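Presented below is the structure to which this report refers.
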Amino acid sequence: MDSKKTGVYHEKQKLQFCLLHALNNLFQQQEAFTRARLNEISGKLVLEDPSKKTWTPFSIVFKPHHNAFTGNYDINVLIAALEEKDKTVVWHDRRNAASTIDLDGADDSLFGIVLNVPARRYALLWKGRHWITMRKIGGVWYNLDSDLPKAMPFESTREVRGFLDYVLSNGGEVLLVMNQKE
């Protein structure tokens, strides 16, 4: 299934801006967030931190919530960015199977899922983490991983749960993005 035919927006990976791509894929919109906006959020988090670290020459590149050259934003930037869009994050308890996640809820409380998984890049020389988005669009769940060449639809909710269980069993984190209720 071609994502252009289905109308599914899928942003591909550039450098290590996987959180930026994950957010844009989650909101199905190019520039729902920009690199500049995520940098602003990161900077604001530093200013609001009561235990600010002292400045060192490395602070130019290695900022508390992201790497200035490559991206690599952290969970705090994700949460703050989602709050700007009236979303909340619920960390799924990894002791529970994915079967405890209501993927077919009729109340529209689950907006999407963001995963943070271990990743190896550059001929396995670099080890880090990677942000991935999953979202239900038109009644179909999609893996919107920016490392994939295109959005990948899941055949069933059972397949989604199997994938989530695989992520959990391999050191990944599952973050449920919820619509805020009034």
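Cβ from N, Cα, C; glycine included.
Residues or ranges marked as domain 'Josephin' by TrEMBL: 5-182. The active site annotation in TrEMBL covers CYS18, HIS130, ASP145.
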Students should find that the Cα atoms of ASP145 (active site) and HIS130 (active site) sit apart, in Å rounded to an integer, by 9
Please report the Cα separation of CYS18 (active site) and HIS130 (active site) in Å, rounded to an integer.
6
Active-site residues (CYS18, HIS130, ASP145), the one with most neighbouring Cβ atoms at 10 Å:
CYS18
